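Colleague: Pasting a structure below so you can have a look.
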Amino acid sequence: MSQAQDYECRSHHVDEQEPRIPGSSTRLEWVEIIEPRTRERMYANLVTGECVWDPPAGVRIKRTSEDQWWELFDPNTSRFYYYSAASQRTVWHRPQNCDIIPLAKLQTLKQNTESPRASADNSPGRGSRDGSTGSSLEPELEERTQELPVRSGRATTLVTSKEDTSSCSPPGVLLEKDYEVYRDYSADGQLLHYRTSSLRWNSGNKERMLIKVADREPSFLTPQGNGYPADNQPGGHHRRPSGSQHSPNLQTFVPDTDGTVFFPERRPSPFLRRAELSGNCSPLLIQPRKPSSDSQPSSPRYGYEPPLYEEPPVEYQAPIYDEPPMDVQFEANSPYQTGSPQRSPGRKPHPFLQTTKQTPTSPCQQLMRTKQKCPERFLSLEYSPVGKEYVRQLVYVEQAGSSPKLRAGPRHKYAPNPGGGTYSLQPSPCLLRDQRLGVRSGDYSTMEGPESRPSQPPTPLPQAQEDAMSWSSQQDTMSSTGYSPGTRKRKNRKPSLCQVPSTSSTDGAGGLLGEQPLTEERSPCRASLTPVKAEADLVRGTPEPFLAQARLAWEAQQAHFHMKQRGSWDSQQDGSGYESDGAVPLPMPGPVVRAFSEDEALAQQDSKHWKRSTFDKLGFPQILLEKSVSVQTNLASPEPHLHPSQSEDLGACAQFESSRQNRSAMPSSSCVFPTFTLRKPSSETDIENWASKHFNKHTQGLFRRKVSIANMLAWSSESIKKPMIVTSDRHVKKEACEIFKLIQMYMGDRRAKADPLHVALEIATKGWSAQGLRDELYIQLCRQTTENFRLESLARGWELMAICLAFFPPTPKFHSYLEGYIYRHMDPVNDTKVTQHIKELLERNSKKKSKLRKKPKPYVEEPDGVAISTYAKYCYHKLQKAALTGAKKGLKKPNVEEIRHAKNAVFSPSMFGSALQEVMSMQKERYPDRQLPWVQTRLSEEVLALNGDQTEGIFRVPGDIDEVNALKLQVDQWKVPTGLEDPHVPASLLKLWYRELEEPLIPHEFYEQCIAHYESPEAAVAVVHALPRINRMVLCYLIRFLQVFVQPANVAITKMDVSNLAMVMAPNCLRCQSDDPRVIFENTRKEMSFLRVLIQHLDTSFMEGVL
């Protein structure tokens, strides 16, 4: 070696102790290695990391032998393992009486001596990355120019960056983002030296460096000075930031003494063998690197760097994605990104001595890089943060040959959610469109490699199967050389659908692609496979049947997963969720069928079950899950006078409705109980799955046999000894058994001393007071109304469910299941089927008893039928309404009058929450001559009778919630008590009636006109006259009523001028349908202005005396 080279070697190696071959006293820096597949000899320097094809001159070389073992390091288990190139064996324990070649250290050194792609990417004739393809010979001829030897012996320093410089930067451009770049230029403009400051994950004394795992570049491609090491270049100084240390990853590549530059990623091909000596260096290699802010992908013409070890010939599987070491801490504000560089489709990988290089990833593979069951720990897909103690040992080598068939897909970065614990998939500024594949940025497909079974340490894979591995997903950062022994210490997993017939089922490799669950946005990726495969067959010569089989198996796996998890992914794009899209609900196959077991209507929305069943395995970013979970509890919206036990379900249900509206095609109002879309229950999921995870294990009989889930979900005349749902609350455990007895009493299945209304009152009071009992109560009601062959008991069970829903909803966890159960009974056709079937069973039982000569029981007249559909429709409406309002507000517990009213409301609808036309129909018998709703006029008169126009803060100060509830109960019975004293009570109830109208007082189709003409009195009045007659009459009566309060004499006392009245009354007349807070905020001001204009300018004299 030259003196400069020798100085470079000795001043930049990582370890202070130079390596020695075990069993020898002579220091040997060069070793001979025979590549296992091509049987070609290679020579590596264990000190500098230099690799050459030809034997170096003037040095001793350790020849290869049968007893030569290569020492490698597995980062997953932090253990060394040993590979024999002669026998292709891999063992854990260090072999005895043999030569150990510490290639782990060599690999670490090579990782520290590589730099991003230099300006040679600008070579003429190079096809651009935006879709152009060339022949298989073109890249080889171009690379002949690229690998011309550099006789001047120029050295190259490593640039370690946090940003993927090759996948997003144009040729000759170093993307300056998230790191600092230091450059030295010579007088003629050539780049003499550049490097970056070390990046740290943690502050403090313990420095953790970033080893670039996913994108290694040939270090010799970076132009440097003329024959000098980086630190000793004349005319350029090695600049460093103050306080930074020369970290081990800033190493220098030294070419061979004869000037021949070895391409470590090159494999001999039919077109190119070795680089010939040349007296001149290619001008492409010395172009100065120009800073630029533009971002475009780098050239794909360089051959990629192959794995050191791959899977055994018997089988193979997609990689397992491993997380960084357990002791590495990450800062919360660090961006994590995935790169997607490319490589030449015309080059076969060199089979040996590579450092990891980011492989092309299609959109089908972007979301694959998440760690299973560790969403909080899947981080960088491009870098592996490791401490100094790992840098000197770890070997990061790619799992298998990267696919030259798939172009680089769009780049994405996984950014931590400020909420904590979740990660969001965000488009990178470097997003590009792959024109050749026609893949749009944002079209993703999710794939998952199967977990391997325990097996031996890794062994090489033949080239034929390496090509076939190109369809598999690529390995994450912390994966070692192929499949290291640590990656096999995973639990067993079901064999993949796409397992190739030639693979063995005894070892650790899985299918060709492994299990690849897909999201709903997968069609663009699937469509792009055909052209990709055709191109691959053209340039690589991969057998067509093998790729066709792989593609078919992959699509079969997609279809299998889609069918299996169809109900678990609430897709917004293709509508494959459970929205009915106008479909008529399917009738039940019969009442005997366990309806509750089939009623999974919205089971996939249960967040815990959904995450646990599918995407926990994938480690999906939580932000992706949040859109598909309809019931969440992260918002709370308690209201004044709210009972302490009601705040949680209020916010959760409000969030549920908000999420449900986001999925609907026509978003309903956020402050109204809209006409809810009926939904089909999912046939793929079953509540028994949920029950098996949440139910207690019940036993029966002397031998304590376990009760099946199906029997636990069917009607029972026996009592229960423990709650249906697993709970740790002692109060719930005690009350659950008592509630079940009370339910049996109310339904007539158990003798009761108290009146049924008082039994229902006790049940409703317990559920209203203790939120933990609500799910238990509803699951018991569902059980007792399933396979119940007594018509009276069945009717009472549904009646009790309606009573309970009038006071409190279930918790969000059980909301979807109850909704699905109710939905299944909303078809009126089933009422006749249930009644007929029950009568047939009764007749059959009576015949059996007559044959056995048993004394028949006294005949009890059964009702002709049960209107289950009527109960179900009412319960469905109350359930959706409770999702917005939550449980009954106030401090007073339910009373008998409220129970009676809730019982009668099933067949006698309330005036609150109904449409104007329905309210007029209700009062037609009592008040046939009235043109206005009785409730509106009666409450308005009551406000004035109590001197509301002389009461300060009228319509602004709320009335006592308990008194408002009591008055509402009376009004629903067409009564108004005479003992009222506070005008705020009827005023609050009047506002409640306006607010709870099924359709707003000013219909939605007129909303935009109102917002547009909020400043024009003429246009505003014209909008009022265009309303339907009943709406116009009610609105004009309201305006005339409010005009009383804006009189100057009244305003002086009430402190409620026209602006204040418009502010408090506008939300009761106009309802914004947008969910955008900015739109709501802006429209609120316009709504108030519109109502103020009406109060000031609308002529309501024609309403004099109208009732």
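A Cβ is built for glycine as well, from the same backbone N, Cα and C atoms used for every other residue.
What Swiss-Prot lists as region 'Disordered' is 1-21, 111-173, 218-267, 282-311, 326-370, 404-429, 441-529, 563-585. Feature annotation from Swiss-Prot assigns compositional bias 'Basic and acidic residues' to 7-19. Taken from Swiss-Prot, the feature compositional bias 'Polar residues' applies to 111-122, 242-254, 331-343, 353-369, 470-484. Per Swiss-Prot, compositional bias 'Low complexity' is recorded for 123-136. Feature annotation from Swiss-Prot assigns phosphoserine to SER282, SER380, SER384, SER402, SER403, SER597, SER683, SER708, SER719. The site 'Arginine finger' feature in Swiss-Prot is assigned to ARG956.
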Colleague: Between SER708 (phosphoserine) and SER719 (phosphoserine), find the distance joining the two CA atoms and give it rounded to the nearest Å.
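Modeller: Rounded to the nearest whole number, the Cα-Cα distance is 16 Å.
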Colleague: I want to check the contact list for ARG956 (site 'Arginine finger'): same chain, sequence separation of six or more, C-beta distance under 8 angstroms. What comes out?
Modeller: MET1056, ASN1060, VAL1064
Colleague: Counting across all protein chains present, how many other Cβ atoms fall within 10 Å of the Cβ of SER708 (phosphoserine)?
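Modeller: Summing over all protein chains shown, SER708 (phosphoserine) has 11 other Cβ atoms within 10 Å.
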Colleague: For SER719 (phosphoserine), what residues in its own chain, 6 or more apart in sequence, show a Cβ-Cβ distance under 8 Å?
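Modeller: CYS737, PHE740, LYS741, GLN744 - these are the non-local Cβ neighbours of SER719 (phosphoserine), listed in sequence order.
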